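Reading through the structure tokens given below for one structure.
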């Protein structure tokens, strides 16, 4: 991040709107969040000021910041979300989204964005910790390698519901009752970078950043109507040889999943979705086969999710939201009258498709085929009758040929007609042999051979 990163901690203390947040993003209310990474690197919202509701300073457009390290020109594929706009983004993996601003007299040319909706589900907000009594009353500890997940894992092992990080290196555990009497602090008060991860915030001076310990857990049984499932060790990268499973059983006859993040290291790291009742495999996703964008609806009352990583697995992982559907018919049902494409099947699978007996579509298809056949036969009969009528009038018969044109007509003895042909098609003209029309065609049509003309004479005479 260069010079910009070196000013990070100081700039957090500059004038920013103070927003008191009591519950920034419960795991059971994921619809309130626009971010699913702890540092907001996935933020794609439209806030274009350093404060909410157009408070703070306006952001500069990313296509007008070529003099700085990050601009739309440095992100041609749009991976970081930069472009011809001035919305807050986090292209360098900083602790939260930011943007460039008009340079001040102090030489400040960028600022963090205070985005109330950009708090990952499971982060409950920033709270005051005066120490007497402590904001979280459970066990605590310190570490020079503290990350958010290190503290979550510590409190999870101790059997507590909540984990709080403070001052970049301290971890506290607590319960829902502690949160009920806690005093919320402005979100920007939790501004200390975690000692163990430069892209994460671990509370502040006398301020606790509190999380639900289920974030990044390796197993769980989820029965809330909606919620979020994170890969193991989230928001840290998942480790090698992980074998984790979660059961989703919200009320309803089907489930809808939406993947907010999905980054696996390779095809050997995979996520399986099975029907929890039957054990049948419904979907498989891995590092080479990511899930489709948008909602994924599955006809199952409960799902078993299993994630496995190999011995080399290291990546950000995934975050998915789920919700129960009351009507199982919502399972990828196409609109009435629209075409439906069958789901892809494994290689080598033989598929046989046939209409149901008596289906309306099959009956209509048969009627259309019969009508087309009847019309075709009728047109063929009319063509044959026309040909017979021409032949009876002793017209000139011109048949297709492949060779170069002849110089003159071929005249038969005793009969007043001639036969000619030329590519690409034949032509019949009602004219006598040697007439002006036939002579005019001699330059572009060649005569049939003597044997062919003799066979045609016999055929015509028999008509």
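Heads up, the Cβ atoms here are built off N, Cα and C, so glycines get one too.
A quick note: this is a predicted structure, and the numbers were derived from the prediction, not measured.
Per TrEMBL, disulfide bond is recorded for 35-118, 59-99, 88-113, 126-190, 151-171, 155-173, 194-202, 218-244. Sequence annotations record features per position, and here TrEMBL assigns domain 'Kringle' to 34-118. The annotation domain 'WSC' is assigned in TrEMBL to 120-214. Taken from TrEMBL, the feature domain 'CUB' covers 218-325. As annotated by TrEMBL, region 'Disordered' applies to 329-356. The signal peptide annotation in TrEMBL covers 1-24. Look at TrEMBL and you will find 368-388 tagged as transmembrane segment.
Sequence features, as recorded in TrEMBL, placed on the structure.
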residue : record         : Cβ contacts under 8 Å, 6 or more apart
35      : disulfide bond : 42, 43, 115, 117, 118, 119, 120
88      : disulfide bond : 43, 45, 47, 48, 50, 59, 97, 98, 99, 113, 115
151     : disulfide bond : 163, 164, 165, 171, 202, 211
155     : disulfide bond : 138, 139, 162, 163, 171, 173, 174, 213
194     : disulfide bond : 146, 147, 148, 165, 168, 169, 200, 201, 202
218     : disulfide bond : 232, 242, 244
Helix, strand and coil residues within the domain 'Kringle' (34-118) as assigned by DSSP: 9 helix, 9 strand, 67 coil
Which of 59, 171, 244, all disulfide-bonded residues, has a Cβ with the fewest other Cβ atoms inside 10 Å: 244
Tally of residues which DSSP labels helix, strand or coil - the domain 'CUB' (218-325): 0 helix, 57 strand, 51 coil
